[in-house]
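Residues or ranges marked as topological domain 'Lumenal' in Swiss-Prot: 1-22, 77-87, 143-164, 220-329, 373-380, 501-562. Taken from Swiss-Prot, the feature transmembrane segment covers 23-43, 56-76, 88-108, 122-142, 165-185, 199-219, 330-350, 352-372, 381-401, 480-500. Per Swiss-Prot, topological domain 'Cytoplasmic' is recorded for 44-55, 109-121, 186-198, 402-479, and the stated evidence type is sequence analysis.
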Amino acid sequence: MSSWFNVGILCLLRFKNVQDNKIIFEAIFEVFLHFLKIPVYMTHLGFPITPTVCLIEMLGLLLLLLIPALFTLIWIYKYIEPHSLISIPGIFVFLGLYVPFVVTLLIPIDVTWDVSLSIWRFLYWLTFVLSWIILPFVQGYMESKFSTPRSRLSDSFYKNLRYYLLLTFLTCVVIAYLRFALRTMSFSNFKELVISLTYFWGLLFVIFLLGNGFVYVPVSMWKKAFITKRAALLERQAVGVYSKLQARLESYSLPSSSISLNNGRNQSSSDFFTSSLTDHAFNPHSSPNGMSNVIALQTTWNQMVKEYNRIMLIKTAKASGSYRLYLPDSYIPIHPVVAYAFYVWILPAFRILFSIFMASMSVIIVVSEVFLHTQYSLVGIILQKFTNSSATSIFVSFLFVYYMRYCTYKSLMRTQFAPHYYYALVPFRATNTASLIYFASQLCRLTLPLCYNFVSLQPYPTQFHQFYGESIDLLPLGNLISKRYPTFILLPIIFSMISLKYRLRQFIYSITLRKSSSASSSDDFDDSSLNSENDDDLFNETSAAYLAEGRALLLGTNNAHV
C-alpha cells in the first residue's frame, strides 16, 4: 500500500501545477519509471532522462524480451511439430528454453552496466522451480504409460517423489557434515546452502561438457570443410545408426528378418520402414517414447543419406573439371556454376576460417579457466581493452558467453549417457516431446552455473555476482568449488584430444577378441581363421572394411531412392 500511496502523492505533486501537455507527458513517464523501478541505462552514455530517452529505453527492453522469444519459437519449430505440444506442457517447454536465452543476453549487459537484483532473483528462482520441480513432473506425465490424465498425474507424482526424497536425504547428509564435522553451517544461511549445492551440481556437468565442446566444436567444423573427411565420418557412423534403427524396429516386434546389414544394401530403409508399418499394426504407446524413437532414427538416417549423396555429387563435379554442380534435391534452385563456387570454394574456406576462430576462442577461455581470479585471465584482459566503448564491451562479452553456451549445449546433445539414448534432439521436427522437456530442464540447470563461470573470468563487479556469487562464497565449500574446480576443465579436453573413449572401446574389443581366440584354440579350431584381418576390422571403426560397410549402406539406400 505504501508504494501505491507514494505513486499517488507523486502524481498529485506533478499534476498540481500542470501547464501544458509536455509536463503531463513527463509526469506519466516519471510515475511509470518510479513504479516499475526500471534502471535507465542510457544515462551511462551521457543522455539526460527525458521522455524520448525513456521511450527508447522501454523499446530496447521490449526487444530484449521479444528477440529471445522469437529465436526460441524458431528453435522449437526446428526440432518438433508445434501441434505435438499440448497447451500446458508447451508453455513450460517454452519457458525452459526461453529463460536461459534471456539470462545469456542479460549477462553481457550486467558486465558493462547493472541489471537489477530483483531481476536476477526472479530469474534464478524461476529456473530453479522449472528445472527441479515443474519440468521433471511434466516429463514424467508425458512418459507415463497410463491412458487417463489422473493416473498419469499420479504416476508422475510418485516417480518424482522418490527422486525428491533421494535429493532430500543427500541434502541432509551434507548439512549434517557441514554443521557437526566442519562447523561451518548454520540454519540461518540455508538458502545459500541450497544455491551452493545446485551450483555445484550444475558446475560438475558444465566443466565436463564445456571441455568436451571446446575440442569437438572446432574439430567438427574443420572436418566439415573437407569433403573426404566428412564422407569418411558419415561412412563410419552409417553402420551404427543403421544397426540402432534395426534394433529399435526389432524391439517393437516388427519383422526383423526383412532388414539386415548385408541385405539392407539392396533395399531402402525408408521403404522397409513404410512397408513394415502398413503390414503390421503398431501401438505408439507400446514404449515410453512410442513411435518417435523410430522416427528420430529414420530422420537421422535419411539426412545422412542426403548429405552423402551431395558429397558424391561434389566429388564428381570436381573430378570432371566442368565447374558445374547440379543439385536435384536442393530446396532453392541454384545455377550450377554458382553452386559449384559455393560448395567447392566459398563454404569450405568459411568453415576453415570459422574453425580457426572458434579454436582461438577455446584457447582463450581455457587459459582464463586455468588462471581463474588472477590478472592473467585472457578474457579479463580482452574486456579491459574495450572499457571505453560500452557497446563493444557488451558485444565481446556476448561472443564469449554465447560460445561457451553453444559448446556446452552442443556437447550435451551428443554426449552418450544412458538417458540420452532415449532423449535425442533430432532436427527436421523429428524430436519427441519428452526429449524436448528433458533438454529444457537440463538447460535451466546448466545456464546459471555456466554464466557465473563466465562472470568469474572477468574482473568487473556485477549484480549477478552480488546475488549468486555471494550466496556461493558465503560457505567455505562453495567458495572452494567455484575457485578450484574450473581448473579441472583440462581433463575433458585431454580426454577429447586423445579420443579416450575410442581407445577404451578398442581396448575392450581387443580383450574380447583375445578371449574368443583363446577359447577357440582350446576347442581345436584353426587360430588363423579366427584372428584374421576381416574379423579384426569389423570392430575397428577406422578400418577399410568398416568404412566399406558404411559406404555400401549409404550408396545402397541412395540407389534405392533413385
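Yeah, the Cβs are placed from backbone N, Cα and C, and that goes for glycine too.
Source: prediction; values computed, not measured.
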If contact means at least 3 Cβ pairs within less than 8 Å, sequence distance 6 or more, would you call the transmembrane segment (381-401) and the transmembrane segment (88-108) in contact?
yes
Can you say which of 56-76, 330-350, 480-500 has the most Cβ pairs under 8 Å with the transmembrane segment (199-219)?
480-500
Winner by Cβ pairs under 8 Å against the transmembrane segment (122-142), considering only 56-76, 88-108, 330-350, 352-372, 480-500:
88-108
Answer with yes or no whether the transmembrane segment (88-108) touches the transmembrane segment (352-372) by the criterion of at least three Cβ pairs under 8 A, sequence separation 6 or more.
no
Can you tell me how the residues of the topological domain 'Lumenal' (77-87) break down into helix, strand and coil by DSSP?
7 helix, 0 strand, 4 coil
